[in-house]
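Q: One structure follows; several queries about it will come next.
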């Protein structure tokens, strides 16, 4: 707002508005909407349409179209969000593999697709086929040896830097709002705050393109949070096509709540989890009608993604797993321990990340966003390449950690010593002693865990799209898999101990390390975001593990309790406060011990309050009041003598009315 000194010299009241001639009833940027007024305007509009519909057939058809417009918007959001998610998944797959090599038969194929089409692939070397060549094979015709390794290493780093530089430049030049995860801002917008341009067309386009680039660059971030922002941009775009939503900010927020559900639905292939996520985590006002529409939008989005089939396995997600053994009561103890780890990691992450982001805001570091991204990408690529668990994409890593060791697995994590006399069905492989590959994998996982914990703190919050779900799950999955292998080996070597004796006979398949990875992933994600119900539903939809709801619930609740003991804020609330957005959390409890007299104004010796009176004011008086003060609104009272409050008038509305 212009201050009072400048206002006195100006004759025209319209100079005090941000926009030249806005509609009456619209809001300025960084202002909060009036929920009650939006609700009453919608009621009036609805009453008018209903009364008109009885006048003619055409008006009746118009009233039907108005009633159906909400479902049409949901259908369009679901279709566009599902399509964009499918395209992003396919592009990320190809560009991640491009850092390591290229497919000669068709350069747009990823490594997996390239070897699918090959006739010369053997089962043991399923990742090797003549059509797929690493960069060293293509450039110097060598696949092994120090020179080939160094060349591949160098090109891996160069591709990563190229992707990251392109992403941060696009965000900086075309859409500054496309950075970050987007969920803190969407929570703020859904609570009634206006941030113009945050859900615009440019933001949608740039966020979609840069999301592919940053995930492919190998940085420690995910695409799940930003997909919620992308879906909300779709929701904002389609709601602007219908006057019912474009002219009513309250109704628009109902559409955005449903769009957030569609975003999580395609991010995790979890339609019900998406609806619950929108309800529990991001929405502020969530009437029953919005619940049904969210459900429909999430369904359409998931169906669209399933039709595109980006992973080629007819699943909506990369980490679908099927375990063949039940869990036992004694295993609840390590599950709860993983919950404690998740809560502690969540607390550590939030405190360190907020401290680093505050430092970025208050020091010269914030003036060089491009340099910061380049440096973090270079460090990530240099440290990640030597370790096979950090070199691959985080989604593939989680997928491998969740997997159960079947007879067909070629992973190092499944390098157990087999009993040559074993004749059993393929699914039910008994617990076996760990081989050298498992011990190597444990060391590599421990190093990868430390690296992920540290690098994610510095990566989240940079000026690029960055989600937090996947890195948090990766940290938990690595810790969980290591605990799982430990428990499995303990049960194998000490099956006569009292805790194992009841349920773990020699030659039985007792412990599933992949399940521990899944529980650990849920615990760490819960520790960072403080989700509970939606988290458990997302996890079992994600993995198809319905009978493991109790372990997941135990870990999620434990991680929330432990994290809440150190501070009630999740990462999104912490970022909202860091950015200074006016967000009142519905879940917050306020304990005021203040009396009204302690805060009442004016005190003795202070100037009287700037108020409007019910009857005695002229237009000139109102103009003078607006020019001499810079308040956003004024209380309306009965008279100067009886200052009984009867209403409140916003400054903007007064100017427009005059």
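Using N, Cα and C of the backbone, Cβ positions are placed for all residues, glycine too.
Bear in mind that the values here come from a model prediction, so they are computed numbers and not experimental data.
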Q: Can you say which of 399-419, 420-440, 441-461 is given as transmembrane segment in TrEMBL?
A: 441-461
Q: From the ranges 107-129, 130-152, 153-175, grab the one TrEMBL calls transmembrane segment.
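A: My reading of TrEMBL: the transmembrane segment range is 153-175.
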Q: Among the residue ranges 468-487, 488-507, 548-567, 568-587, I'd like the one that TrEMBL describes as transmembrane segment.
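A: TrEMBL lists transmembrane segment for residues 468-487.
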Q: Pick from 18-42, 43-67, 68-92: which range does TrEMBL record as transmembrane segment?
A: 68-92
Q: Given 227-243, 295-311, which one carries TrEMBL's transmembrane segment label?
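A: Within the set 227-243, 295-311, TrEMBL attaches transmembrane segment to 227-243.
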Q: So how many of the residues in the domain 'CBS' (600-658) end up helix, strand or coil by DSSP?
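A: Taking each residue of the domain 'CBS' (600-658) in turn, the totals are 17 helix, 13 strand, 29 coil.
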Q: For the transmembrane segment (195-215), give me same-chain residues lying six or more residues beyond its boundaries with a C-beta closer than 8 angstroms to one of its C-beta atoms, as numbers and ranges.
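A: Apart from its flanks, the transmembrane segment (195-215) reaches 29-30, 84, 87-88, 91-92, 95-96, 163-164, 166-167, 170-171, 174-175, 177-178, 182, 185, 188-189, 221-223, 226-227, 229-230, 232-237, 256, 393, 464-466.
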Q: Name the range, of those listed as 68-92, 153-175, 227-243, that has the largest tally of Cβ pairs under 8 Å with the transmembrane segment (255-279).
A: 227-243
Q: For the transmembrane segment (332-356) against the transmembrane segment (468-487), do we get 3 or more Cβ-Cβ pairs below 8 Å once near-sequence pairs (under 6 apart) are dropped?
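A: Per Cβ check, the transmembrane segment (332-356) touches the transmembrane segment (468-487).
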Q: Six or more residues beyond either end and a Cβ under 8 Å away: which residues meet both conditions relative to the transmembrane segment (153-175)?
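A: Here the qualifying positions are 95, 98-100, 135, 200, 202-203, 205-207, 209-210, 213-214, 216-219, 369-370, 373-374, 377-378, 380-382, 385, 391, 462-465.
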